[in-house]
Amino acid sequence: MASLPLCRSPSSILPSWHHRPISANFHSRIPSSTAVAHVSVQDPPAPPPDSSPNGNQFSSNTRHIWVNPNSPRAAGVARSHIGSSHRTRLASAASVLGACEPSEAAVAAALEAAFLKPPSEQDAVIVLNTAATSPETAVLALRWFIEHAEVRKKAILYNVVLKLLRKKRRWSETEALWSEMLQDGVQPDNATFSTIISCARACGLPTKAVEWFEKMPEFGCSPDMLTYSAVIDAYGRAGNAEAALSLYDRARAEKWQLDPVICSTVIKVHSTSGNFDGALNVFEEMKAVGVKPNLVVYNTMLDAMGRAMRPWVVKTIHREMIDKKVQPSRATYCCLLHAYTRARYGEDAMAVYRLMKDEAMVIDVMLYNMLLSMCADIGYVNEAEEIFRDMKASMDARSEPDSWSYSSMVTLYSSTANVLAAEGILNEMLEAGFKPNIFVLTSLIRCYGKAGRTDDVVRSFRMLEDLGINPDDRFCGCLLSVAANTQAEELGKVINCIERSNAQLGTVVKLLVDKSASSESFREAASDLLNSARGVVKMPYCNCLMDLCVNLNQMEKACALLDTAQQLGIYTNIQTRTQTQWSLHLRGLSVGAALTTLHVWMNDLYTALQSGGEGLPPLLGIHTGQGKNTYSDRGLATMFEAHLKELDAPFHEAPDKAGWFLTTSVAAKHWLEEKSSELVAV
């Protein structure tokens, strides 16, 4: 029996049709030429008129492929054509709606033209979801669809528009649409509440998020995990950490499946409330139950431990993050910089900074200023100069130096008494259009004071007056520090500046300098000053005043001031006593305050020795701390060691306890008896 070709068109209809095997028709291919294929399940099209010179009946750009309407393939092709056409109409409707004015008439006209027949619920969802409309237009379109579409569940359409309002962060419109929804008799569902709660959270309204969460039972809705996560965060932001943690505890007790979102939220709640141990516990707990921390969790933990001033924990978490192949983001590096600069981990901070530069990440002026402030505090001159050069060379406006940048550089050079460099930065600051603020002038005066340039100190003070800046406590403390290191013949110039800045402080300094003034009158004036001063400046004032007393050989007034400061609780736990050791704690004191305290302690030891009571313990110790001293370019330990040698005191630096000087009671007793008359006269 002769075989017939498959799927060939009848020769009576298309005598010249180029026939192909049916298998070629059904293979999905991309034509190698630019020809356009028209697939049809209708009758084969009639050939176009012969218009080509070579007699071909079809254009070279068009191919017509006919599919047998009786084959199984035909139904799929037909549905595809219908679906494609429908999607095109919906896309066109969304486009027209997006261009519509937010008026009821314009929206109605656009949608009526797009839908000649009532649209389905799915059509309405697609158009509302894809149309790039304003919130006002979306609400008008929603009303039209509610009235004209074949809607089975109106809440679905309301939820679509609520999500749009959330995206646009339009809270008032969200509340208005909720009221309209209830008036329309529509029952809200879980998605409705979840969307509204997350909208309130996105709009920075945590109390509203909590309010809507608490409405859910009223409408028979139960929150899902995403809603719980949003509400835990909302409680935290609203300051109700107790409620947030209560929800988290409930999640744990009821064995809910924890996820990184919830854990990150709880860590943030702990961090915001200052419970950094709690944040660390949640982080370790989530890993113990098998929840893998993601980038957000790691960044949240880095931020929390940075706030907690635990840079060693930050380093551990960052190392774990790298080991787990979690790719750090810019936010990660920002958290690392925050942590390391606050803790003054100079090497680590600079390593992160250089890595960010290598990765071409945006470093804004806030991050630059944090680095410069750290460098100024720990004396990283070369590193600060590198950072400042990078700021000025940056083409990004967000990285340009501001007044704080210049202030940090002046502070840096002031700490090393580099007058030329400090003045150079001041000139750059003025050329950049910034006026020096009180921080710049405070640093500049400190720089001139360290360099012994009293006239420049006075000139800078006049600049402060010319700019109309009111001296603050920190500025007055700086002048007091300068006075403590000024030669006696020029001291009056600085005292005049102090008096014009703070009359009460000026009076105390005058009584201190005046050798004819009694220690009792000085004590009373100093007590009044310290009682009225802010807490943060009381100890700096005492330290500087005692430095000045020691420099002017006014030890009686220095001792009176120390006694007053101890009575007011400014200096606490300076002396400690156990059965085996008596200790003197000088860490944080200026050189003058430390020497005054030593003088008083030695007299106390001598008195205890002479009293014939319990006597001295086996060990005596002086703790000076180690490192740089705030009130001296040299460390207190170095200064103190030299002074102890001058006194021929038997205290020696402990080899196994940094910053401690120790002696035995036997050596101390012999020395006290030998030097008692000199000690009283010190």
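Just so you know, glycine gets a Cβ as well, placed from its N, Cα and C.
Residues 35-60 are the range that TrEMBL records as region 'Disordered', among 9-34, 35-60, 165-190. Within the chain carrying the repeat 'PPR' (437-471), a Cβ under 8 angstroms from the stretch's Cβ atoms is held by residues 403, 406-407, 410-411, 413-415, 417-419, 422, 426, 429, 478-479, 481-482, 485-487, 490, 493-494, 496-497, 500-502, 633, all 6 or more beyond its ends. Against the repeat 'PPR' (364-394), stretch 402-436 has more CB pairs under 8 A than any other of 189-223, 294-328, 402-436. Only residues 6 or more beyond the boundaries of the repeat 'PPR' (259-293), in the same chain, are considered here, and those with a CB under 8 A from a CB of the stretch are 225-226, 228-229, 232-233, 235-237, 241, 244-245, 248, 251, 300-301, 303-305, 307-308, 310, 313, 317, 321, 324, 326. Panel annotation: around the repeat 'PPR' (294-328), residues 260-261, 263-264, 267-268, 270-271, 276, 279-280, 283, 286, 335-336, 338-340, 342-343, 345, 348 of the same chain, lying at least six beyond its termini, place a Cβ under 8 Å from a Cβ of the stretch.
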